[in-house]
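Novice: First the structure, which I've put down as structure tokens, then a few questions once you've had a look.
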Amino acid sequence: KGKCPEDGWDESTIELFLHELAIMDSNNFLGNCGVGEREGRVVSGLVARRHYRLIHGIGRSGDISAVQPKAAGSSLLNKLTNSVVLDVIKLAGVRTVTSCFVVPMATGMSLTLCFLTLRHKRPKAKYIIWPRIDQKSCFKSMITAGFEPVVIENVLEGDELRTDLEAVEAKIKALGAENILCVHSTTSCFAPRVPDRLEELAVICANYDIPHIVNNAYGVQSSKCMHLIQQVGAVIDAFVQSLDKNFMVPVGGAIIAGFNESFIQEISKMYPGRASASPSLDVLITLLSLGTSGYKKLLKERKEMFSYLSSELKKLADNHNERLLDTPHNPISLAMSLKNLDETNDAAVTQLGSMLFTRQVSGARVVPCGSVQTVNNYTFKGFMSHTNDYPCAYLNAASAIGIKKQDVDVFLKRLDKCLKTFRKEAKQEKSINEISDANAATEQLED
């Protein structure tokens, strides 16, 4: 049926299935005689076993989704993977999606492929409207495709950084709609930035007849991000998501999906040459082993862990005279202020990040005030904070798919220890300063 099974398969069943696919490829035929330059020859048995002898990759030179006559098994693997992934995207919340394909590139390069496909539809266009998000790969995706990003600064609403819709529309009018390739928006992001206002952006795109590409990097795991995409529907030309972040497989693949099947096929035909089957193989094995019930369970657990992380991080923040930033529109990432730490010592904020890393806490981002970074000749002030001048330094933590209660508890324990260390050092420094001041005052009196 081309759908993800409800109950996951055991490993021996999956291996039998992959073996049956592999023996359909010509390189595994007993009497095969190959005289071409690409015959699926692999010298290492270890490498062959690692890929289950599915060596030919996917697609043909002119289309990543095309069937290879001498690689029927690999081609079937590709078709099945795309079909199963489409089923899971619907299950995750985008019910009306019509087409998708797995591409063996991470999110940034997959976005580049989308932009290059749009170039043929809008030959005059040279700009991409991009509500700012401080993440290098999505910025570089536009540069690599040969376009000029037009950075739209976010607006601060309470603690949240949100899409400046007026600035987007004003920039479209100033540049001319025909000169704009697309609006490049974002759903999943680090707090205090929150998902872009997709519905309002969709209205603007429709009014000016401008394409809309959505970076949904780790949004599949969030019902809120997927709901935003579903609400906008066909007004989005394509949305791109990472395989590793959403399905817990090795880095190296992404899913390009959309509501217009012909446009998604155009993107697949834009990919030059054949492609590695590894990302497709990894995600198919994973989804067959989980089944829809297993993946739903992971989504449910992630949401529960987000609530737990939020409540416990708030308690910790209160104990250290900090606060959990109020970012209700961000369903994955949280941020805790580091105002007192920042005021005590300029280097303390970045030092906290180093302390957490050396204590084996990965993924937590510590964002100081006022850092400046240049990316492809464009200078970002307040880099990593998604705005030029956020009111305070802060720390990020995310509840992503696969996170366990133990991860949250250990993180909070180690963060608490680090913050206590800073408070103790601050008290000692204060005491030393007070003694020094007292000694100075005594010397003055004696004089």
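Just so you know, glycine gets a Cβ as well, placed from its N, Cα and C.
Unlike curated records, TrEMBL annotations are generated automatically.
Below, the features straight out of TrEMBL:
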- ARG38: pyridoxal 5'-phosphate binding site (BINDING)
- ARG60, SER61, GLN68, ARG274: substrate binding site (BINDING)
- ARG359, LYS424: tRNA binding site (BINDING)
- LYS245: N6-(pyridoxal phosphate)lysine (MOD_RES)
Novice: Taking the mean position of the Cβ atoms of ARG60, SER61, GLN68, ARG274 as the substrate site, which residues outside that list, in the same chain, have a Cβ no more than 8 Å away, listed in sequence order?
Specialist: GLY57, ILE58, GLY59, GLY62, ASP63, ALA66, GLY273
Novice: Which one of the binding-site residues (SER61, GLN68) has its C-beta surrounded by the most other C-beta atoms within 10 angstroms?
Specialist: GLN68
Novice: Substrate site residues ARG60, SER61, GLN68, ARG274: biggest Cα-Cα distance, Å?
Specialist: 10
Novice: For the recorded positions listed here, LYS245, ARG359, which shows the highest count of neighbouring CB atoms within 10 A?
Specialist: LYS245
Novice: If you count the other Cβ atoms within 10 Å of each Cβ, which of the binding-site residues ARG38, ARG274 comes out on top?
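Specialist: Within the set of binding-site residues, the most crowded position is ARG274.
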Novice: Are there any residues at least 6 positions away along the chain from LYS424 (tRNA binding site) with a Cβ closer than 8 Å to its Cβ? List them or say none.
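Specialist: Sequence-distant Cβ neighbours: none.
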Novice: Find the shortest Cα-Cα separation between ARG274 (substrate binding site) and the recorded positions ARG38, LYS245, ARG359, and name the residue that gives it.
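Specialist: Spatially nearest to ARG274 (substrate binding site) by Cα position is ARG38.
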Novice: Counting every protein chain present, what is the number of Cβ atoms, excluding its own, within 10 Å of the Cβ of ARG60 (substrate binding site)?
Specialist: 17
